[in-house]
Amino acid sequence: MQLLFALLALGALRPLAGEELHWCYEIQASNYSCLGPDKWQEDCQKSRQSPINIVTTKAEVDHSLGRFHFSGYDQREARLVENNGHSVMVSLGDEISISGGGLPARYRATQLHLHWSQELDRGSEHSLDGERSAMEMHIVHQKETGTSGNEVQDSDDSIAVLAFLVEAGPTMNEGFQPLVTALSAISIPGTNTTMAPSSLWDLLPAEEELRHYFRYMGSLTTPACSETVVWTVFQEPIRLHRDQILEFSSKLYYDQERKMNMKDNVRPLQRLGDRSVFKSQAAGQLLPLPLPTLLVPTLACVMAGLLR
């Protein structure tokens with residue numbers, strides 16, 4: 001049930017023929033009978049929407065934003081990966097969860113998906129100081145609680161998304177290769193395959209780098225755009241080789257006829273409005289060294305000089 005809820009919330013299930021116009025991305029709207037981002041309905045016109053541009057110097061330090069605790073991220077499994085018509089989506093097991101990081105509860109992972117472009121500077125949904133990245137990966141988690149399902153669904157923190165910007169790097173990212181290799185088997189919507197065994201840590205930067213992040217309250221970036229998401233946008237990017245990034249737009253299609261490559265599956269930036277963006281103490285800045293740390297080596301040098 002948790003996985004089904006997450007799929008429905010993210011618009012991963014496609015309508016049957018004859019139903020009302022379905023939502024799509026801007027690149028599709030000019031070629032197909034579908035609703036582009038400016039016509040998305042439901043909660044998509046509200047005031048606490050995502051994604052946003054994060055101005056790093058304006059983000060407020062929140063000392064409660066400490067380290068995350070990752071459970072099950074090291075599990076190596078052969079996972080189901082699907083072309084859902086909007087993105088590539090990897091289903092995650094019930095044993096994967098996060099806590100800490102200023103979150104109000106434990107959150108269980110349901111799936112991960114990505115957004116991208118053929119252009120290496122416009123494939124991410126969020127931007128940092130106006131700069132966008134080649135891709136963005138979202139790991140979606142649902143709040144674990146003893147209350148009723150309706151109460152969870154209606155709360156403004158029922159979903160926690162970990163967002164990772166993806167940049168082009170000089171070397172192949174071997175941890176990502178099982179997913180990249182699987183793309184050839186899911187080129188058209190509705191197809192799925194099983195990836196070679198891998199863990200979530202294979203996809204991510206080192207855990208030590210995940211102390212630096214930004215936090216705000218927002219929405220899903222696809223219809224129904226529910227304003228129920230605790231967003232965490234990490235400062236440290238994932239790095240893939242350019243060829244790995246371009247595999248997503250060359251191997252995947254929006255349509256059964258393979259006429260439109262899947263690319264630019266990115267919602268335009270939304271207004272921040274009266275919301276605040278917070279950052280962990282280290283995000284966007286170098287932490288000053290404590291005074292004793294500076295004094296000890298200085299005094300040692302002075303003493304060494306006197307004893308010569």
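Cβ from N, Cα, C; glycine included.
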Record Swiss-Prot, residue Cys44, disulfide partner from Cys24, Cys225: Cys225
Zn(2+) site partner of His113, His115 (as recorded in Swiss-Prot), chosen from His138, His141: His138
Disulphide partner cysteine [Swiss-Prot] for Cys24, chosen from Cys34, Cys301: Cys34
Those recorded positions listed as His86, His113, His115, His138, and which of them has the most Cβ atoms within 10 Å of its own Cβ: His115
Same chain, 6+ residues apart, C-beta under 8 Å of the C-beta of Cys24 (disulfide bond), given in sequence order: Tyr32, Cys34, Leu35, Gly36, Tyr254
His115 (Zn(2+) binding site) versus recorded positions Asn31, Cys44, His86, Cys225 - nearest by Cα: His86
Spatially closest candidate among Asn31, His113, Asn192, the listed recorded positions, to Cys225 (disulfide bond) (Cα to Cα): His113
Other residues, Cβ within 8 Å of His113, His115, His138 Cβ centroid (Zn(2+) site): Ser87, Leu112, Leu114, Glu125, Glu136, Met137, Thr221
